[in-house]
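Okay, so Swiss-Prot annotates it like this:
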- 17-63: domain 'F-box' (DOMAIN)
- 98-148: repeat 'Kelch 1' (REPEAT)
- 151-199: repeat 'Kelch 2' (REPEAT)
- 201-248: repeat 'Kelch 3' (REPEAT)
- 251-300: repeat 'Kelch 4' (REPEAT)
């Protein structure tokens, strides 16, 4: 038994009441770890011992041991539907030019609010995570998971009131179901690369500042110390780049992006950071779609392989597969372009527990009936992608996500 129910870390759970009256603690624990995740909020209100048990990080380890963990896909997405066609852009954004002396930026009203949506793959259910009433989720923030720590982080993005890049960090403790403020980044940034590269570290790089300048800078967040540290900057400024962990999850890859003077023309190369040497290596010929951002169009399981799936609207007969190495020759990426199986009003690709999934939006409300969308999983057979497992997305959750992460609970 990997978890003691009679003794909690810190010594404040030395003697607990019976978890289930009349049952030995070990047997009671075997029952409680089998309760589906969706009912665990209600379990917390039953008694203090249950609340303490569910708040302990080792509870998820017991669920994992019993094979009862559930996979959640977490999505940062707008809460409001797309702008109606009859309404002009000028009507949707209203800027208050009457600034007080201590305001460095005007406040912007009527911008869409963002939320954190969750799809439970085991139960095929959708719900939205409550956020503190006095706060708002930053627009276009990055969502990243630290699985072993049981935490979801929302990093950077735009301030909802000023639409300026922010340094803010919000941490959701899944065990206690509580939000807290994390230490802010050293530099404000949005549309940057972000990934967890070890059980306790999150790296960010690139993006742009409040003047739309592409950034070279990079930082690392230590979740245990709740602090940020600067690392060696990249050789190129990269706005709208994509980040992921490679090399068995030990290095940080920043894919494509564009410079300040070439906005909208996405680079074909990338850079890979090695924490062991605090240095970057370059990887060429990795992104062959200069008119398309890699954000929301790539997926892969880089913890155990080096394959990157690139999802496209058309079938690229001559460029279906290619491979490339970084200039240190320490890492090889195998890339494959996959044509999307259907079209829709929006497309977002990502990873769900190491498998590739694509969310395709349906009709907009202004086009008539709201159809929601569909999510499809791609399985790999003989190194070829095959679509399966169609999941209907309710209308309330079918807006285009900006970032995502998946976590076992």
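Each Cβ is built from the backbone N, Cα and C atoms, and glycine gets one as well.
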According to DSSP, how is the repeat 'Kelch 3' (201-248) divided among helix, strand and coil residues?
0 helix, 23 strand, 25 coil
May I have the DSSP-based helix, strand and coil counts for the residues of the repeat 'Kelch 2' (151-199)?
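Looking at the repeat 'Kelch 2' (151-199) with DSSP, the answer is 0 helix, 25 strand, 24 coil.
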I'm checking region-level scores; what's the whole-number mean pLDDT for the repeat 'Kelch 3' (201-248)?
95
